[in-house]
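Asker: What follows is a structure written as structure tokens; I'll ask about it next.
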Amino acid sequence: MKRVAPSVTRRSLLAGASGVGLSALAGCSERFWSRAENTSPEQVELTIKTVPADDDAIAAMIMSQLRENLQAAGIDATHEPITEAELYRDVLIDGDYDVFVVKHPGIDEYDALHGLLHSQFVAERGWQNPFHFSDVGVDELLERQRTTDGDAREESLTELFDYLLETAPFTTVAYPDRIGGAQEQLSLSRPPRRAIEFVDILSQEFDDGPFDRPLEIGVYGEALTDRLNPLVVDRNRIQGLLGLLYDPLARRSTTDTHEPGEPATYEPWLAEQIEWDDDGGLTATVTLRDGLRWHDDERLDADDVAFTFRFIEDTSLGDVEGTVPAPRYRDRQTLLENTGRIEVIDDRTLELPFGSTGRPAAVRALSVPILPEHIWDPRSEVIAERQTRALVADNDEPVGSGLFEFGETSMDELVLEPFEDHVLRSADVPNRPSVLENFPQFEGIRYQIEPNVGAMLDSLADGAVDVTANAVPPDEVATITDASGVSTTTTSTTSFYMVGYNIHHPELGNPNVRQILSQLIDREYVVSEFFNGFAEEPTRSNELFGSRGQTHLDGTESTMPLSVFPGSDGEIDPERVRQLFVEVGYQYDDGALLK
Amino acid sequence: MTLVSVVFDLALVVATMLATATLVIVGPRQIAAAIRDARWRLEVCLLPLAVLALVLFIRWSTVDVVIRLERRVLGNNITPQLFELEQFLFPQNPVTVLQTFASPALTEFFVFVYIYGYAFLLLFPFIAYFALSNMDDLSTLILAFTANYAIGLTFYILFIAYGPRNFDPLLFEPLLYDVFPQSRSLTNQVNQNTNVFPSLHTSLSMTVFFLAWLTREKYPLWVPVSGVLAISVVVSTMYLGIHWFSDVVAGTMLALISVYIGRTYTVRGIHRSIRRYLDSRFGDRGSAGQQ
């Protein structure tokens with residue numbers, strides 16, 4: 001026993017030791033294997049793109065709040081400033097983004113949401129569904145509002161906005177007031193942006209007018225005059241300029257206040273008369289004015305109008321398999337049932353077939369700028385994959401049919417000359433738009449281009465500029481008020497700050513996540529602190545989706561939960577937001593939101 | 001209109017500063033002597049000056065192409081990385097720290113330094129080294145400036161970066177263009193707001209200061225003057241929210257490299273060695289072909 005005992009002890013000791021060692025190793029290797037086999041969940045990452053503060057300080061501030069709040073919610077949020085033209089390119093053409101903050105020029109009519117959200121446009125460029133959003137429910141409601149009018153349309157719109165509160169493909173932060181400055185003697189009622197608003201100024205009777213000089217308009221920005229192509233989106237531009245050069249069939253009136261179920265009021269422009277017929281599908285018979293000419297003295301006729309709609313649908317004019325639609329005005333073109341069935345009756349008359357489209361939506365097609373066929377037809381040449389010459393042309397000497405023709409441009413100015421042959425310049429044309437009653441009080445228009453807003457306001461104070469036509473940030477209002485002989489004008493607008501989500505991003509594809517993200521901006525704080533009150537918060541469901549409308553839409557009072565900010569004074573309460581994410585199935589590890 | 005008045009204003013102020021500094025630091029007699037036999041001095045510097053002019057001309061004539069290449073083809077936006085690097089390295093961003101001292105007087109001073117002081121700092125060495133008995137220092141200065149531009153502009157093509165004021169107006173104040181909006185029409189002529197890494201304001205100013213130190217025996221007074229000005233320019237770029245701390249560090253390194261290049265090489269020498277290299281590679285084949 002004495003002899004055996006120690007050896008057994010030694011053996012058992014060894015066995016025990018190796019057993020422990022092996023099992024320890026086994027435990028270790030299990031963990032090792034499971035780590036190697038399963039990638040551990042990673043933190044959710046989002047990159048927010050917006051313009052640098054030089055281009056839009058408010059957008060940069062909204063981005064800053066969003067970034068801080070996303071980070072507090074455990075998301076690895078980074079921010080990439082990117083110049084305006086490139087941001088449009090990334091978001092509207094390449095779809096290369098996660099989240100973007102941008103000032104949207106505004107939705108003229110509810111039907112514009114059709115272009116923004118209908119899944120038919122997922123593969124298209126421009127403001128046609130840049131989110132890659134597709135939802136059969138939304139599609140159906142978008143189509144229904146398009147084909148109905150009156151109460152039926154109002155009901156489908158209300159239903160649509162209710163539904164959007166849940167799917168949140170994008171969200172609206174605030175509607176900035178349009179702020180501008182003008183020489184006191186002009187006594188303007190609002191700062192102009194749309195072409196018709198500039199025409200309105202030129203038609204005002206002034207005490208010491210009419211003037212034998214051009215109206216001097218102050219704008220600021222980089223590379224504003226590089227591309228004067230009305231069909232492209234990836235460029236900077238002077239608002240309203242192309243609308244002055246290119247006339248549409250009709251322009252939405254400056255005094256329009258229509259009900260959601262009714263068509264908006266339009267002033268006839270190139271069209272002398274438009275007759276609607278609802279027998280077996282909606283058609284509009286358009287009679288053009290007599291004696292219309294392009295700026296290069298060619299005749300403008302009904303073929304140009306038919307061409308414009310065909311060209312917007314396919315800028316290759318059938319040269320490629322499939323189509324190459326224009327990134328702008330594309331949605332309005334789809335209001336027509338079939339561009340191939342536009343019937344040109346004679347030089348001045350044509351019939352636009354709208355099929356099942358209702359009139360409230362259909363009238364939007366009238367505001368598409370009409371392009372000269374003889375200039376744009378050769379630009380249908382295909383120069384690269386899904387790219388035609390029309391989509392890359394600078395169009396640096398635009399030939400339109402507007403009241404003004406392109407004069408000259410340099411780095412710091414752009415001059416529009418009066419187009420004397422325009423039929424609307426004579427007072428006795430039939431059906432002349434009422435806005436032109438005292439037109440013109442100035443000879444032409446001259447844009448003075450400044451490097452930034454401060455320089456633009458200096459020019460205004462010096463008297464070098466009559467009126468400003470670019471956004472004036474709220475904190476610069478005092479600069480205008482302090483200057484003598486100059487007055488501030490403001491008006492509420494339909495343009496809005498938008499936060500858009502790329503549905504192709506794995507997390508942003510989840511509507512619950514988008515819904516939470518849409519809550520992470522304190523809209524009330526943004527309006528009071530960033531805008532100094534010069535903005536309006538969206539307070540109805542339609543307003544949360546960029547659609548203010550001219551009059552109230554019934555049944556849009558409920559804005560839950562998008563309008564609820566889980567925090568105070570711009571900062572979120574991290575616990576509350578984490579709770580929201582946990583409720584929709586997400587997990588946290590050490591404060592980081594996991595995929 | 002505004003650009004013309006801004007440039008005129010700048011020319012007037014800087015010319016006054018240059019005249020004063022020339023009289024005090026160089027001395028009237030020395031400068032008069034240098035002007036009398038300007039001819040040989042110019043001849044010596046002609047080649048390096050031509051190269052500098054060529055670099056600036058290439059820069060000026062290719063702006064449109066470069067912007068397209070930089071933004072659309074390469075598109076390396078490193079702004080988020082610069083921001084996060086500094087968040088990681090410092091408890092508080094150096095720009096934020098500097099801006100906590102902001103006061104109207106300080107802002108006026110830094111705006112003055114950023115625009116007028118900088119122009120003076122860059123131009124005065126040309127006069128000072130021109131008045132010396134040989135042109136070595138002037139050639140060094142010109143070559144170092146050329147290197148600064150050539151390397152800096154290459155970085156600008158490779159990387160897009162926005163400065164603090166453009167990145168986040170809530171964290172950083174955009175002081176320069178608030179105080180002096182027209183200065184933008186001037187800086188726009190020279191640069192775009194995507195070109196901040198590295199800071200050429202820093203690198204050129206520090207280049208002048210480093211060279212001042214190397215020529216301290218000839219112009220002892222110029223060392224403290226250029227030192228104070230250069231440091232002020234460097235601080236002003238951050239104080240005014242134009243540059244990140246990283247840009248300034250990269251700019252200082254670029255200055256060191258450029259001064260090294262300026263001291264070690266000459267344009268003539270570089271030209272000769274390139275020719276020798278090309279001759280050895282292709283020279284034989286060329287002559288064989290001719291036979």
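Glycine is treated like the rest: Cβ placed from N, Cα and C.
What TrEMBL records for B:6-28, B:40-60, B:109-132, B:141-162, B:196-214, B:221-242, B:248-266 is transmembrane segment. What TrEMBL records for B:150-263 is domain 'Phosphatidic acid phosphatase type 2/haloperoxidase'.
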Asker: So, taking each listed stretch (B:6-28, B:40-60, B:109-132, B:248-266) in turn and counting its Cβ pairs to the transmembrane segment (B:196-214) that are under 8 angstroms, which one gives the highest count?
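Answerer: By the under-8 Å Cβ criterion, the transmembrane segment (B:196-214) pairs most with B:248-266.
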Asker: With the transmembrane segment (B:109-132) as the reference, find which of B:6-28, B:40-60, B:248-266 contributes the most Cβ pairs under 8 Å.
Answerer: B:6-28
Asker: How about long-range neighbours of the transmembrane segment (B:248-266): same chain, 6 or more residues beyond its ends, C-beta under 8 Å?
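Answerer: Those are 48, 139-145, 147-148, 151-152, 155, 197-207, 210-211, 214, 234, 237-238, in sequence order.
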Asker: If you average pLDDT over the domain 'Phosphatidic acid phosphatase type 2/haloperoxidase' (B:150-263), what do you get?
Answerer: 87
Asker: Report the DSSP secondary-structure composition of the domain 'Phosphatidic acid phosphatase type 2/haloperoxidase' (B:150-263) as helix, strand and coil residue counts.
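Answerer: Per DSSP, the residues of the domain 'Phosphatidic acid phosphatase type 2/haloperoxidase' (B:150-263) fall into 78 helix, 1 strand, 35 coil.
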